[in-house]
Structure formats: C-alpha cells, structure tokens
Amino acid sequence: MALNSKKRKQNDHEELPPSFDEAVNMEMLSDEEGGVDIESDNGDLDDFPELDPDSDENDDEEYESEDEEEEESDSEQLHIFPKVKTVVSDITGQEKRVYPEIEPDYDSDSSTEDTPNRVGDIPMHWYDDLPHVGYDMDGKRILKPARGDELDRFLETVEDPTSWTSAFDKTAQADKPLTAEELDLIRRLYANEVPDAEYDPYEPTTEWFTGKGKKEVMPLSAAPEPKRRWVPSKWEHKKVMKIVRAIRQGRILPNKTKVTSTPQFYSIWGESSSSHAPPLPAPKPPLPTNSESYNPPEEYLPTEEEKKQWEETDPEDRERDYLPEKYSALRLVPGYGRFIKDRFNRQLDLYMAPRVQRVKLNIDPNSLIPKLPSPNSLKPFPTYKSLQVPHASMARCISVSPDGAWVVSGDETGVIALWEVNVGKAVKKWKFNGKIGTVEWCPRADVSYFVVGTEDMLHFIIPPNLPPTVLQLSQSILAPSTLPPVPETPSPVKWSTPSSTVWTDDTAILTIQLPSSSGLPVQIAWHRRGDYLASVSTGGSQGAVWIHQISRRHSQAPFKKVRGKVQLVLFHPIKPCFFVAASFFLTQQYVRMYNLSEQKLLKTLQPGIKWISSMDVHPSGDHLIVGGYDRKLCWFDLELSDKPYKVLRYHTRAIRSLQFHPTYPLFASSSDDGAIQIFHSRIYNDLMTDPLIVPLKILRGHEVTKGLGVLQVKWCSRHPWLVSGGADGAVNVWCS
C-alpha cells in the first residue's frame, strides 16, 4: 500500500509541468482558501517534511488489516439473502444450489404484505364449485374459510355494531373492515358529491394568462411543423385506391343522379318530347306582298290624298301599318324604323298563342239527364180536371172519406159542404160561426163521421143518408149511453154531447171545447185505428197540441213544455210513434220523432227549411216528406240518416200542402204558384235500392188570388184521383 501511494504521488508530480503557474499566471487556491484573501507566497515553496523509513512496514501491516476488515464488512453487507447450500443431486449426480424456503410469516408488519391469493384478475365465480378459492405464492391451494348462514350473519350484526363497516372480499372470501377514508368515499358517492374530500369546487380561478405581465407573447409550442402536414399520406393513398378498385369492379355503386320526370324549362315551340304532348305549331308570320317590295308596281304606290288620309287615321283603324315606297336600287333602302316594334309584336303573338290544343268534348246534354222511365209507363195518375165545386171564399181545407166517395170542404166564411166525388153535387152544407181551420174524416171504415175545427172548438158531425148499422155504430161511439169513468187527472178540455132528442143532421153530435186562448185549430191528425186524434192550434205553445181519445172521452197534452212553436203533428202509420214539426226562433226548423209507448225521443230530423208548411208519412212508415215556404220539398229516409235523402225544387213559390197516396205509388204537392206537381214514388223492399222518384205531371187549374194558390190537396183512397182546394174558392177533382 505504501508503494502504491508513493507511485501515485510521483505520477502526480510528473503530470504538472514546471512552468504551469507561469503559463496560467493565476493563483491556485484550495477549497478552504476559496473565499478568503491571503497573502501570496511569491513563488516560494514550503519544505517537504522528512519521512521515517522505519515506519513503512508498520504502516503496510495496518493498511492490510484495515483492508481485510473492509472486505469482510462489504461481504456481509452484500449477502442480504439467505446463504445458498451446495448439495449433490440424486438424479444427475451433480452439485446444485438449494435456496432455503421463503417464510412470509416472519416477524414483520402485516400491513405491508400483499394478498395471499395469487390467482390474479380472473372471475372468482370459477371457484364457486371448488373447495378452494385460489393459490398462494408457492402454488398451494387456499381453502375457502368457513362462513355461516344468514342467521349467523344477522347475529353478527346484532352483536357487533361495526359489522356494517366491512365489505366482502371475493379474492380472500372474507369480510374486511373498511377504513374511515373508504367509508367517507362511499358516503360521498351515495350523496353525488366529489369523491375527493380535499377538492374545493368553489376554489377561485387561477388566472394564468390574464393580468399584468401574464400575457403570452410566444407560441405555446415551438416545435417544428410535422412532416405529415405537407407529405401525402401513404395510408390515405391506399384507402383511396381500395375504393377506386371497388368502384371499377362494381362492388360500390355511385349515387344515381336524380332525373326529373318533367324538365323545369323547355322550349315551347321546340321538338316534341316523350314527356310532353306535342305543342301546336308556332303561328307563322304573314308572307310579304308586292306592296312591301322596295320597288313596288305603280298601282301599289299611294297618292298624296291617300297618304294624308292614312296619316290622319288612327293606328288601330289603318288597313296597313306601312306606306309602300319606291327605290331605284336596294342599296338606297334606308333602315327599317319599325323593326323593334314589329319584333315585339311578333314575340307577343308567340306568347299569346295557345300552347295546348284543347279537346272539346262532344257530349249530348240529354245524356247528362238521368234516365227515368217514361210517364206513360207509370200510369195511372191524374192528368185532367173532371169537375169543380165552387165556394164563396177561399177553400182552405178539404177531406176525403175513407171509401173515397165523399168529400167535405170548408171555406173562411164558416161553410162546410158535403158532396160526392163522381157527381160533384153538394148534398149537405153546415154553417159555423167563424172561419173553418181544418176538417178531417175518421179513418175507420165501419163508421162515418168527420171533425170540423173552428175557434177553440172541435165539432164531430155525422153525414146524412148513412146505412142504419153505420149510423147506429157512429152514434154509439160519439154519444154512448153510459159515459166512461172520469179520469183521475182532470183536463181543461171539455167534452159535451147534446141530448138525443135534439139530434139533427145540422147539429154536431159531439163537441170538444179547447182551453181558452188556444186559437183556431189548423190541423187534425187521426191515428190509424180511429180512436185517437191530435189537434194543433195557433195560440200558445203549451196548449197548441192536444191528443184526444174518443173511447175514454179524455184529452191530454203530450208535452209539458215545447221548445219553439209546434206547426204540424203526425201519427206513424204502423209503429207507436209521433212526429212533431216545430220551429225555434224562426231559424231552427226540426222534426222530432217520439216513441209514445216508451215516452222517449227517437231521432231529430233536420230538413234545413226556413218554415215548415206541410208533412206526410209514407204508408210503409219508412219515409217522410216535408214541405216548406221556401219552395223546398225534402224526402227523408228514416232508416238512413237525419238529413234529407233528396231535396226537390220544382215549385216557384211556397209549398202549401203535400200528401202520399194510400195505395198507389204517387204523391202530390201544391204551391202558391197555382200548380200541382204529381210524382211517382216507388219504394222497394230491397234496402239496397234507392226509392224511385219521377215527376209525372203539372196540373194547372187554379187561379192565384191575393198571392195564394192551391191551399190543400187530398187523394182518393180507391182511385188515382186528386182533390184540390184553392184560394180562388174552387175545389177541383183531377182524374186519370
């Protein structure tokens, strides 16, 4: 060691040249002298101390002993693992190193140990059917710990109040307690808070780039622009070539261009296309005549008078728009002054010319009229006036007996006339105080009497010259020997019958006294059996409608309160139904159909008529016709709809009356225009076939008096004959 130190010192001396300080010309200070000012030695060297030669051997021995101790300490520090044993292998017969078994359960802090299960991050349900849950570091199985049932877990929670702070570890198959930090993290997650407890969401913003002296002047990054910015990408080139090859092979089809069926713009005078019909040829301009030549003949040149007359004439009235002029050569012809105006007129002609040829339909107007059967094939129906019975004033009401042989008619002077249809001779006349409002025969065939309506009164009259059986039965019905019992509910309508000793042909056998202020009865409607009749009066809405029963001699009001004013009533010919036509505030007209047995409203018909004047039901009971003062006649199919099936407008003035024939397929309507319309109305049993309505004949035989025409029409039940009463005081019979 001494020799080595001597050689190292000698080499250090040799490395420094003798004139090093002189060449550098600076003072070499030691570490201790670095910051202190000392006096220079002026190049003088200190004397080197003398060495004792005897001390070299002792120093070497000391150095050797120190080196050995250092080597032993170094070896002890390097070999921190257990010492390796060298043994001879039983299989190969050679030496091998054997390391002692690592014991992890040595005395150390268990908090630094990792989990003993070394299976890794795998699904733990793979070990559900196995007795172990994994393997430790030595590859030995880790058996599942014994776990109790649900009852044991419940008892643990009761005995240990801190058991809820533990979580089940699938890897260790045991419950591990959670730390306070973990519990606080779970609480924050459940409360939708930030998991980090030290995070402050309301921390003031740190302004990094705003404020005085914080503005960025240089870019954030001084990195050079990457090469991919200007060099084409090889990968994009490959993808593009792949798409190009697919298009060439037909595997990718490009989007088809949308071709419109009709072009937006096209030449109207161009060639015909397949999408448009060929247009008409453009109008050709007229060919030039001799007068338009630059050198016309002398006879085409105008005189001075003709020029003056042409100039004084308005441009619209001139025969030609120019005056012929003569030039000796074509080069002397000046520019055409009206060129722009002529071209404008030409464009105007093309613009105003028709582009589409309109095909005119040659339709016969008669083919548009629905084909109806000939009236001659629909006979019989009334065609002419056979006789006439005069009255002193307006014949406002008429009625025909059920057998069709007798007619009673009344006028405004209070006269009721009874006459025969075939002869027309008046057999009997009755005189009443006031004008007659209505008259109606009883529909029963075994009796014969009719009802006359006057002011607040209904009179029942038996005509003369009746067979004894019919007369006796009629008297027993109207004036029975024993009166029926008085009904429980009293009625304001009074029934009175005179004594049998004063019965004559001139007096009424039965009289019904309607309530006071009821007004004039304008309609009487009989039930088909002849025991009930309904009367409609002009006064008031509550006492306007009354239903009278002959057998019980009792009258009752069917409605306690009626909305609007009742105009007409009718009984259904088959069903126990009752029709009521009323108006509400002169704007709403309706026809209501009631069920009398069930006492409820079945339907409401809306005819759309301003004021209903007449109404009748077909004998089948499925159809209804309604007439109004606005010249409309509405046909209703009761099984179809509440709106009119058909609306007829054949009259020029207000409709006054209409009625179905009881046996023939006919109905008639009369109007203030003095005409009577006869219609054929055939109803089919097939519900899919519409009714056949054919106008047959217009009967004219009444004169219009004071703006009124034919006031009422009635059919004869056994013949296609019609009886009409007009405002001229005539009652006509129309026969076929």
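Keep in mind that glycine also has a Cβ here, set from the backbone N, Cα and C atoms.
For reference, TrEMBL has these:
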COMPBIAS  1-10  compositional bias 'Basic residues'
COMPBIAS  29-75  compositional bias 'Acidic residues'
COMPBIAS  102-112  compositional bias 'Acidic residues'
COMPBIAS  278-288  compositional bias 'Pro residues'
COMPBIAS  304-319  compositional bias 'Basic and acidic residues'
DOMAIN    127-382  domain 'BOP1 N-terminal'
REGION    1-122  region 'Disordered'
REGION    271-319  region 'Disordered'
REPEAT    388-429  repeat 'WD'
REPEAT    648-689  repeat 'WD'
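Across the region 'Disordered' (271-319), DSSP helix (H, G, I), strand (E, B) and coil residues number 18 helix, 0 strand, 31 coil. Sorting each residue of the repeat 'WD' (388-429) by its DSSP state yields 0 helix, 25 strand, 17 coil. Counting residues of the repeat 'WD' (648-689) by DSSP class, helix then strand then coil, yields 0 helix, 21 strand, 21 coil.
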